[in-house]
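As given in TrEMBL:
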{"type": "BINDING", "residues": "GLU79, ASP153, ILE155, ASP156, ASP298", "note": "Mg(2+) binding site"}
Amino acid sequence: MAGVLQALVGASEKAAHIARLCRREEPLFQLLVAEKTGADRNRRFLQDFKTLADVLIQEVIKHDLGKEFPELQGHIHGEESNEFRNGQGETVAVRVCATPGDTAALLLSVLEPERAAAELLADAVHRDVALGDAELAGVALSIPPQDLAIWIDPIDSTNEYIGGREDVAPVDGIAPAGLCSALVLVGAYDRRTGCPVLGVINEPFFRRDPLTRRWQGRYHWGVAYGDTRLCSLSPPPLRPAPCVVLSRAEGAAVRAALGPLCGDRLRFAAGAGYKMLCVILGLADAYVLSEGSTFAWDACAPHAILRALGGGAVALAGALRARREGDTGPPPELVYNCPAEGAAGAERWANRGGLVAYAHPQHLEAVLAAL
């Protein structure tokens, strides 16, 4: 499994590079936006966009992982369809070809007439990534890759990625919106149980280099398999009163219920992955969402890291129902191998009934009691 972990981190670094590359030239970026329609559309938004960056990143991760670990082929799932509509109205299936030249030719059919851009992207797709991470290289684990499946969110918080705002001031370290909330999420789960066992979160837009003004990223990883708990981060401290992060679209009833528990420590942010990252980093103690507007690809990677740190993510509606019925046991965690019955498209993988992501079980209990 150590090889899989290193491969996921490497794939996320290549993905982050592509995400930065696609944002570098604004006229080019405007060519890369296509509106989602039909079953792929997230019903939470009036308009939901995907970009060529999303699709390309997803296909690169699928290609690289499947090539290194053939056992994973057919078990690497992503948010996006790989079909992209070009300026002539033609549908192009984006994929990684055998050579940079072939990939550039395919991308050119989307980006015509931007030949230089297509070649630049193709070079990024085919380049090797050197991590140089001694801690990661020293991780030794044993789990058969054939027991795993993968969820990819190539660019979580796509709307913030498209908007590209850099001037959003953080509140106690939590950015309410902006480019920093656009993340690459790659999570592995046990095919049989659906339990998340490995997660990588990459922040492509962590900070700008003060000299070059180019974006620099960082990544975090965690492993929670059997009795093994390993993470690139330390567990956040346990605070007496939790800080809870919410979506700005969260309902008034939830805000009012959490108010007495949190006082002035309710925070708001964009992106499900980013809000879960805030919990991982100890900027917040819990993320609460009452709607089923997140999906398996949003939660799998951060959930695995939270488990590695001693926390987790539970289905909110199911946890509240269990409490009302007098069940005093720990609420069941989200799983990632069970599509919703009777649903179609993206809704098959929605986290129905909302969720609570938490760093400490004490805060989970406090939040559920308040709600």
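Counting begins at 1 with the first residue displayed.
Glycine residues also receive a Cβ, built from the backbone N, Cα and C atoms like all the rest.
Automatic, uncurated: that is what TrEMBL annotation is.
Overlay of TrEMBL annotations on the structure.
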| residue | record | CB count, 10 Å |
| --- | --- | --- |
| GLU79 | Mg(2+) binding site | 25 |
| ASP153 | Mg(2+) binding site | 31 |
| ILE155 | Mg(2+) binding site | 29 |
| ASP156 | Mg(2+) binding site | 29 |
| ASP298 | Mg(2+) binding site | 28 |
Shell list (Mg(2+); ref centroid = CB of GLU79, ASP153, ILE155, ASP156, ASP298; cutoff 8 A): ASP54, ILE152, PRO154, SER157, THR158, LEU183, LEU185, ALA272, GLY273, PHE295, TRP297
